[in-house]
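Asks: Mind looking over this structure? Questions follow.
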Amino acid sequence: MSWDWQVFCEDTLTREAGSSCFGQGGDITYLDWLLSAWGWTVSVSLLALLLALFVGALVGTLRTLPDSPWVVRLGNAWVELFRNIPLLVQIFLWYHVLPTLFPTLQAVPGFVLVVLALGLFTSARIAEQVRSGIQALPRGQRMAGMALGLTTAQTYRHVLLPMALRIVIPPLTSETMNIFKNSSVAFAVSVAELTMFAMQAQEETARGVEVYLAVTGLYMLSAFAINRVMAFIERRARVPGFIASAGTGGH
Amino acid sequence: MGLQLDWSFYNWDLMQNFVLKGLGFSLMLTLVATLGGVLFGTLLALMRLSGRPWLATPAMVYVNGMRSIPLVMVILWFFLLVPLLIGRPIGAELSAVLTFVAFEAAYFSEIMRAGIQSIPRGQVQAGMALGMSYGQNMRLVVLPQALRNMLPVLLTQTIILFQDTSLVYAIGAYDMLKGFEVAGKNFGRPIEAYLAAAVLYFAICYALSAGVKRLHRKIAIVR
């Protein structure tokens, strides 16, 4: 078997290699397609990450509220619901089922539905980490806040969350890398991201190994890049003399 | 509600013909991948902890490599490469089994590594002082305790693994989700099929994780 990297310079319609590996005058080569697919993967992942961080931090915090058993139960139900259904099934629910049940959703593009599915799926996992981060703090901190006359909201805002959110950075790092990997499931509802590209380009060109290698390389590059960004955030946010606990993985 | 749901065609026959067939494969895949994953994962963990670079480095590259690629891509890779290497096509189901064993070994190896490292060094030294060989020490002293300490984490990973089996969708293997999907297509009721799939996955995974939580408490008290 021999390599044929020229395949990326071929036009996607005529299968002819032009003078440049980038298409000209509206033509699209496989390289163009690959890069645009990478763009979709990064967009889906980053938007889902934003949603997941926001919802996850909120739900995780609500689950630790004192004296509000119903809020805690609701938060726990949220986590159980999104954690116990496979991501692929959740994407089908968002893409096929919800727009049928609620016709207003039919106007929403598939890309947005996938971001919602991936974001809320991940929010449950982040909520779990934020909850355990807050509960890992010594109880005296909450009590000290109360003793100073802070309200519950103030205790969270000024005492608990600043420390808890730092504790959860290492597990969040692995979660941000997971979100890039999990975005690959969007292929199932025809979002033109990397895995979708891999499957279609493999079919069309029969150069599966080259196509898969390029796609796998871009996934690894993305995961590595987001890992470095998170490590940078962790360094900048570190409180001197305080050692954050190590996180655990998952996929 | 834009549509009236119709569950009338969900009877025992349909469950048996479509869903149970797929559920059987999903469970078999989960079981084989867990057993194979723990076995090869333990070997990988022992390689990484051996202190010999020619064993530790390949194991580390393998584990970190697998863990940085999406599972769907690994499934596609195996489906493409295995037939190229052995020169004849293998079915989607067999390809899925090979993929999951290879992929889960990387994740289980990290769990086993943590489990082995949780055993105090004094125990290994005590074993050596008693004249046990490396193999005896691992088999009789370290691994039984590591397995027990890590049991809740291993089982949680197995639940995640069960959910991940739905990803064989990418190569068209017939698992539980596929069973629901085929049933939905045959009866022209895909919406009900996806909903039923979600409910069944939820019921299974919720029950299993409740069981794991219980076990965790039990083990934690004994220790």
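From the backbone N, Cα and C atoms, a Cβ is placed for every residue, glycine too.
Curation does not apply to TrEMBL; its annotations are automatic.
In case it helps, TrEMBL gives these features for our protein:
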DOMAIN    B:23-212  domain 'ABC transmembrane type-1'
TRANSMEM  B:23-47  transmembrane segment
TRANSMEM  B:68-86  transmembrane segment
TRANSMEM  B:92-109  transmembrane segment
TRANSMEM  B:153-174  transmembrane segment
TRANSMEM  B:194-212  transmembrane segment
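Mind mapping these onto the model and telling me what they sit next to?
Replies: Sequence-distant contacts of the transmembrane segment (B:23-47), counting only residues of its own chain at least 6 positions beyond either end whose CB sits under 8 Å from a CB of the stretch, comprise 55-56, 58-59, 62-63, 93, 96-97, 100-113, 116, 138, 143, 154, 158, 161-162, 165-166, 168, 173-176, 179, 200.
Long-range neighbours of the transmembrane segment (B:68-86) within the same chain, counting only residues 6 or more positions beyond its ends whose Cβ lies under 8 Å from a Cβ of the stretch, are 92, 95-96, 98-99, 102-103, 164, 167-168, 170-171.
Residues 25, 29, 32-34, 36-45, 48, 59, 62-63, 65-67, 71, 74-75, 77-79, 82, 154, 157, 161, 164-165, 168, 171-174 of the same chain lie 6 or more positions beyond the ends of the transmembrane segment (B:92-109) yet place their CB under 8 Å from a CB of it.
With a cut-off of 8 Å between Cβ atoms, the residues of this chain six or more beyond the transmembrane segment (B:153-174) that come close are 21-22, 25-27, 29-30, 33-34, 37-38, 71-72, 75-76, 79, 91-93, 95-96, 100, 104, 107-108, 111, 114-115, 147, 201, 204-205, 208-209, 211-212, 215.
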